[in-house]
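Have a look at this one before I ask anything.
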Amino acid sequence: MKVKVIARNPDDYVRETKLDIQRVPRNYDPSLHPFEVSREYTRALNATKLERVFAKPFVASLDGHRDGVNCMAKHAKSLSTLLSGSCDGEVKVWNLSKHECVRTFQAHEGFVRGMVVRFCGTSFFTVGDDKTIKQWKMESPGYGEEEEPINTILGKTVYTGLDHHQNDPVFATCGQQVDIWDEQRSSPIRSFTWGVDSFSSVHFNPVETELLASCASDRSIVLYDMRESTPLKKVIMTMRSNTLSWNPMEAYYFTCANEDYNLYTYDMRYLAKPIMVHMDHVSAVLDVDYAPTGKEFVSASFDKTIRIFAKDGGHSREVYHTKRMQHVICIKWSADNKYILSGSDEMNIRLWKANAAEKLGVLAPREREAANYSQKLKEKFQHHPQIRRIARHRHLPKTIYHQTKELRIMKEARRRKERNVRKHSKPGSVPVVSEKEKHVVTVVK
Amino acid sequence: MESPGEAPVDETHVGKKKKPPARYWQELQEEERKDENKVKNDAEQSKEAQQQEDDETQKAKKRKQDQSPSDGEKVKPGKSDPFPGPAPIPEDRLQKFKRKDKLKKPHRKQHKLRDIIARSEDASEMAQKQAARFDLLLPEEAGFLEGDEDEDTCMISQEDIAEAVDITSGAKYFNLKLSQFGPYRLDYSKTGRHLLLGGRRGHVACIDWTSKQLMCEINVMESVNDVKWLHSEAMYAVAQKKWLYIYDSNGIELHCIRKFNDVLRMQFLPYHFLLATASATSFLQYLDVSVGKEVAAICTKTGRLDVMCQNPHNAIIHLGHANGTVTLWSPNQKEALVKMLCHQGGVRSVAVDKTGTYMVTSGMDKKLKVYDIRAFKPLKSYFLPAGAACLSLSQKGLLSAATGDVVQVYKDVCSMPVTKPYMAHRLRGTVWGLHFCPFEDVLGVGHGDGFTSMLVPGAGEPNFDGLDANPYRSAKQRQEWEVKALMEKIQPDLISLDPTELAQVDQATWEQRHQDRVEVLGFDPLAKEKFVPKYKKKGRSSAGAIERRKKQVAHEEQRDVIRKSVEDKVKMEKERKERERKKAALSTQKSALDRFKK
């Protein structure tokens with residue numbers, strides 16, 4: 001007779017001393033783990049609920065400006081530095097990790113319209129309503145010294161925006177025309193006009209660094225090549241775009257913030273139709289900025305909210321608002337992809353988390369593993385109705401909630417009317433125009 | 001994998017060329033070549049696996065070679081890795097970890113979906129391979145019992161086995177003589193550490209049976225129908241003469257649940273925290289033990305319910321009835337999911353294996369039948385002269401059947417025809433309860449004269465999962481586990497015949513979904529509104545005018561259809577004419593060959 005029965009030595013399964021961690025032998029046999037799917041679903045549901053519980057995006061408010069914050073600039077090299085310019089011409093430099101202002105000075109008379117940090121991070125430029133472009137040193141002046149710009153250029157017209165080249169000492173301003181400046185000269189090396197009298201913003205392409213795009217007040221977006229003497233092409237839309245932002249990863253895409261409450265992502269090679277229309281705001285969109293990953297962007301609107309969109313999502317994945325935040329004028333996504341900075345009318349700069357439920361600070365390895373696991377679960381079960389309902393739910397201020405509803409009703413009515421018109425007219429005479437095509441008037445080359 | 005023989009030998013300061021020492025596999029290879037025919041199958045398998053790997057890595061290899069030709073020079077000609085690529089995994093072990101079949105590739109146009117599916121399939125394949133490889137590292141091996149030549153394993157007595165095995169295992173064979181409060185039902189906790197005994201005449205005891213430590217012993221002074229551990233060893237339920245009671249491990253009564261009366265049999269669904277009870281009044285009730293709420297009460301209308309078991313794979317409750325049927329129940333439906341006629345007489349006992357594939361039933365017709373409950377088809381039928389009163393299936397698929405005072409254990413009942421039992425043991429009284437201990441080679445038998453713990457080699461799963469049911473867990477670990485388990489309690493409405501249904505794509509058509517919606521709402525939200533003419537002033541809303549307007553709108557849809565069909569007809573006619581015209585034109589054209597025609 002040969003016989004063997006299971007005989008376990010408890011020493012193999014129990015920790016030796018109290019200081020050890022407990023032993024956990026594993027067996028991955030599926031038959032020992034029944035109800036895999038249901039349990040994972042339950043975990044995903046819990047993870048989704050917890051995500052909503054922990055969604056506390058607001059980190060800090062930086063106050064100190066004495067007028068609305070009109071523009072902001074990220075530092076090129078330092079994550080913790082932020083520059084902001086207000087409507088009274090004051091510029092402040094902030095230390096984000098300490099939540100404090102490190103430097104304040106009067107840069108312009110009237111609005112600070114635009115500011116940009118030079119790619120090396122040692123100086124920055126500002127333009128203002130006083131028709132000047134000023135270059136400032138990044139470090140604050142020593143004790144007893146006056147705040148003085150390194151360089152001041154007196155222009156003929158008001159400048160409304162500027163951007164600096166990625167790696168050359170060249171910058172571009174916009175106002176009545178788009179000017180390209182050499183840092184060493186006091187007159188523009190090139191000026192672009194295309195029959196319009198004012199531009200609201202200009203942005204260099206981050207990859208094809210000689211390319212620029214600007215938003216004009218005649219409802220158009222104009223593309224330029226710095227090496228050529230004339231603009232490349234422009235697309236005219238039904239309403240004016242306020243500003244635009246290039247996708248830093250796929251730099252042939254840019255997203256523009258429009259007055260008609262929408263954002264439009266265009267492929268610069270095919271301007272006839274936007275790639276995607278991003279809807280959700282209930283008032284004019286004032287600013288937009290891409291995440292450094294190029295997968296998402298954040299938009300600031302006149303409706304007192306900030307929304308985060310996926311680059312290919314028609315609706316926002318997140319909306320931020322507070323009772324006190326008024327019209328949000330400028331927005332930036334921090335270079336470490338973790339924070340969002342918003343400057344608004346009521347003189348405050350707010351620091352938000354880019355992922356509302358993310359835990360800040362250093363994560364222990366097990367913590368990180370658990371977070372990754374629950375993230376994957378949420379992804380896996382995201383289309384289940386109950387989970388989707390919880391994940392999508394956002395509280396909105398009453399006004400915005402009602403405005404959204406109103407807009408939806410209006411849109412539905414318009415759609416119904418169009419359908420009726422089509423029904424009662426000769427077949428083919430009222431073509432179906434898609435939402436994407438609706439907002440583009442024409443493309444001019 | 002790199003082998004040590006591959007290392008380049010430094011030859012500069014040794015005059016004679018050193019021959020690298022012979023390695024064990026070089027001889028082996030030669031031997032293998034000799035008896036190649038014998039192991040051809042194995043080799044083929046491994047070759048196939050290797051070839052797959054090769055194909056995958058070919059591109060990478062090519063790239064590497066292009067980059068660094070010096071690498072290629074280092075490898076000496078005539079020498080090659082005797083075990084190239086990763087070690088092959090046996091097919092059956094891979095099969096064990098297979099979750100589902102491969103998906104059909106979507107159309108090329110759906111490139112995004114294609115990409116997602118391809119990537120997820122790669123990931124699951126890798127997980128499957130890793131799990132299969134990990135299987136090799138499991139520390140314990142299953143037990144077995146083999147007789148000598150012309151020795152039947154069923155003739156080997158328990159005493160002999162207990163003597164042959166080591167002392168600690170030998171101590172797992174023991175008898176408790178409890179003749180006073182007789183016949184006993186029993187239950188092992190999920191980890192297999194704790195034993196709960198319930199005597200017919202009111203004796204309830206829970207024991208840490210490995211250390212033989214008595215945790216509590218009470219007499220409820222009432223008849224006890226069934227006992228069951230709840231999710232941990234801290235609480236258990238006792239079905240008493242009238243009501244259902246819950247006690248803690250010190251024997252203190254926690255709850256008396258008067259909603260559950262005349263309970264005869266109980267089953268606990270550990271992942272749902274549901275206690276399912278079957279009563280003499282033919283009610284099947286579900287109690288959520290985490291919140292203490294009755295989830296469902298189903299009147300089965302089939303008389304006294306004293307045969308019950310659960311399917312551990314999908315948490316469906318199986319009930320056996322006096323008319324020979326077995327019915328399957330979930331808490332979400334008032335009617336039975338399935339009714340199967342299994343026996344000529346009444347059903348005496350039912351058991352389902354842990355993979356949810358086989359169901360074993362025994363009936364008054366003295367038959368033992370095996371069913372495939374995925375397809376609801378009978379597989380095997382055996383005749384037992386005495387008929388089996390109690391059945392129990394072990395984790396490894398051994399079947400124990402109690403016939404009177406004899407317990408017989410069968411092996412491989414489900415897959416091949418069996419002629420004689422694997423083991424047999426005679427007890428002092430008639431068997432009343434039967435249970436295999438999880439993760440141990442032990443069968444607990446409750447009978448009229450107390451309790452017997454039998455050794456059944458090969459019954460239990462040797463390797464437990466520490467995060468699921470750990471027999472060696474500490475109090476702290478138990479607490480942690482309890483919190484985790486409660487967090488991922490599965491809602492009772494997820495119980496269905498197919499537990500993977502939740503992960504499948506809902507391919508209901510629009511019509512179906514619309515119908516469901518109508519059913520839920522009680523009206524059709526998309527139904528056309530009835531036309532009500534607007535009220536017009538200046539006498540234009542006279543009854544006649546209203547009727548006229550109504551008439552205008554009536555049949556509008558029908559008119560649309562007719563208009564469309566007429567248009568189609570005209571179009572077809574046009575096309576036909578066009579075709580004919582072309583044909584005629586072709587036929588009138590003179591070809592060069594026409595002149596040969598007469």
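Just so you know, the numbers here start at 1 and follow the chain as drawn.
Positions of Cβ are set from backbone N, Cα and C atoms, glycine also.
On a predicted model such as this, the values are computed, not experimentally measured, just so you know.
Heads up, here are the entries from TrEMBL:
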- A:62-104: repeat 'WD' (REPEAT)
- A:278-309: repeat 'WD' (REPEAT)
- A:321-362: repeat 'WD' (REPEAT)
- A:354-440: domain 'Sof1-like protein' (DOMAIN)
- A:414-426: compositional bias 'Basic residues' (COMPBIAS)
- A:414-437: region 'Disordered' (REGION)
Take the domain 'Sof1-like protein' (A:354-440) and average the pLDDT across it for me.
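That region's mean pLDDT is 94.
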So if I exclude everything within five residues of the ends of the region 'Disordered' (A:414-437), which remaining residues of that chain have a CB under 8 angstroms from its CBs? That is, six or more out.
273-274, 276-277
For the repeat 'WD' (A:321-362), what does DSSP give as the number of helix, strand and coil residues?
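Output for the repeat 'WD' (A:321-362) reads 0 helix, 18 strand, 24 coil.
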Per DSSP, how many helix, strand and coil residues does the repeat 'WD' (A:62-104) have?
0 helix, 25 strand, 18 coil
Please spell out the DSSP helix, strand and coil residue counts for the region 'Disordered' (A:414-437).
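The composition, in the requested order, is 13 helix, 0 strand, 11 coil.
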